[in-house]
């Protein structure tokens with residue numbers, strides 16, 4: 001293998017929105033924050049959970065809503 005071409009791996013802490021934390025190795029050097037992990041994902045828990053995407057849709061509509069309305073009028 002060639003030397004000096006591979007990124008350095010660091011041990012980072014991954015924090016989920018449910019409060020679960022775990023350590024992993026990554027090329028990132030900062031802690032990582034995620035929305036869903038294996039402790040709270042419906043596939044692993046067997047419980048249904050609604051993931052809030054309304055905030056993203058509202059943000060998109062605020063940003064591009066007027067532009068899309070102008071295109072529809074023309």
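Using N, Cα and C of the backbone, Cβ positions are placed for all residues, glycine too.
According to Swiss-Prot, the Zn(2+) binding site annotation covers 16, 18, 37, 40.
Following the DSSP three-state reduction, the secondary structure of residue 18 (Zn(2+) binding site) is coil. Summary: among the binding-site residues (16, 18, 37, 40), the fewest other C-beta atoms within 10 A of the C-beta are counted at 18.
Using the Cβ center of 16, 18, 37, 40 for Zn(2+), the list of other same-chain residues with Cβ within 8 Å runs, in sequence order, 17, 19, 20, 34, 35, 36, 38, 39, 41.
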